[in-house]
Amino acid sequence: MPHATAPAPAPEHLPRFLPAPTARDHKYTRGVLTVATGSAQFPGAALIGTEAAARVGIGMVRYVGAESVGRLVLARTPEVVLGEGRSQAVVAGSGWAVPADGAGEPEGPAAPDGFETVLEASGRIPRPGEASKPRPLPLVLDAGAIPAIVGDDRVGDWATVLTPHAGEAADLLSALLDAGTITTEQLTGAGLSPVCAGAGPGDTAPGDSRPDRTAADGSDTAPITVPRAAVESEPQAAAALLAEATGSTVVLKGHTTHIATPEHDGPMDSAFTVTAPTTRLATAGSGDVLAAIIGALLALNSDEIQEARAYFAPAAQEIIAMIAAAGVELHGLAALRASQALAGGAAPNGAAPNERADGDAPAELPSAGAPILAADITRFVPQVVAENTRA
């Protein structure tokens, strides 16, 4: 069962996971990330995600997706390499979608073999010509790629990170309930009261594991679902239950982000909360930037992850959870810097957030800062990295 106790506030993880490059480093030792996001209809996730990952300071970002999107990616960030290749971590996110019948692998970016490309790149299945499955690499599933975790034992494991917002978490809990992975008893025990589709407000499902119920009018059977409001009321419990059910690290996004891993024997359980330093993160594309930042940090710290994995998988998962917390911190600080700069409180040359570049009196900032776009967050990632890099 998930943890019942509240997690302690997240410590400052970011400097630990931002090592400075050494004289002996090259692009392959600084981490390579494969990004499989975006689509011809919705290319933005690929554009801002690949740029955000590159600005973390890793060695290389690969993009796998539609050719038309790849051209846009190169026009924005020409350092990105198109096509498959070896990497230390993979991000699959916006642009993937569950098939219309709700079953099977997600459909999305025009990779040669669809979602199989993601599974190959992340070591979940062997590449063509490989005799055996390689070791799994960190795999971040965001947005439309999250449902791939349901009913596919190739996906959920110690190296998988899920990054849902409350609505996606509610949908995932509902899908796991329908698949029989979790029960209504587990949901109600966690304070996540499910409801029957078509039922009246406040009607909850009785505590059993049946996947459907008679609808309110008695005419049909209706699935039991978890409403978004339930997740928003109990985010810590929702993150913990999702982690336990999928075996993955869960990053449940919000103004306060809850990070959870499954229970293990010994002192390896991890639960963190990170509260954003600004309320301006609630903007389209912000989650795509976060997924890319987490993926980049996982690639950058792949040696530490794999060394821990050789010792004990839960130890590696604990490191992955801390890296995810560091990614949330970096994301929030970059958003804060962007909001302050656009409000006139920071100069492009890196002056302090409340200090004018000409040395005059500090600028007074609006309490909420200026509105930002997701692309603004990416532009301030290098500044936050510089402030927190470990010598």
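The backbone N, Cα and C atoms fix where each Cβ goes, glycine too.
The domain 'YjeF C-terminal' annotation in TrEMBL covers 10-388.
What TrEMBL lists as (6S)-NADPHX binding site is ALA45, GLY104, HIS165, ASP288. All protein chains considered, the CB of HIS165 ((6S)-NADPHX binding site) has 21 other CB atoms within 10 Å.
TrEMBL lists 193-221 (among others) with the feature region 'Disordered'.
Listed in sequence order, the residues of the same chain lying 6 or more apart from GLY287 (AMP binding site) and placing their CB within less than 8 Å of its CB are GLY93, SER94, ASP142, ALA143, THR163, HIS165, LYS253. Marked as AMP binding site by TrEMBL: LYS253, GLY254, HIS255, THR256, THR257, GLY287.
Feature annotation from TrEMBL assigns compositional bias 'Low complexity' to 344-354.
The annotation region 'Disordered' is assigned in TrEMBL to 344-367 (among others).
The AMP site is set by LYS253, GLY254, HIS255, THR256, THR257, GLY287; from the centre of their CB atoms, other residues of the chain with a CB within 8 Å are HIS165, LEU252, HIS258, ALA276, LEU281, VAL328. When secondary structure is read from DSSP and collapsed to three states, GLY287 (AMP binding site) falls in the helix class.
For the binding-site residues LYS253, HIS255, the largest tally of other C-beta atoms within 10 A is found at LYS253. ALA45 ((6S)-NADPHX binding site) carries a helical DSSP state (H, G or I). Once the Cα atoms of LYS253, GLY254, HIS255, THR256, THR257, GLY287, the listed binders of AMP, are compared pairwise, the greatest separation found is 14 Å. Note: THR257 (AMP binding site) has non-local neighbours VAL251, THR273, VAL274, THR275, ALA276, VAL328, i.e. same-chain residues 6+ apart with C-beta under 8 A of its own C-beta.
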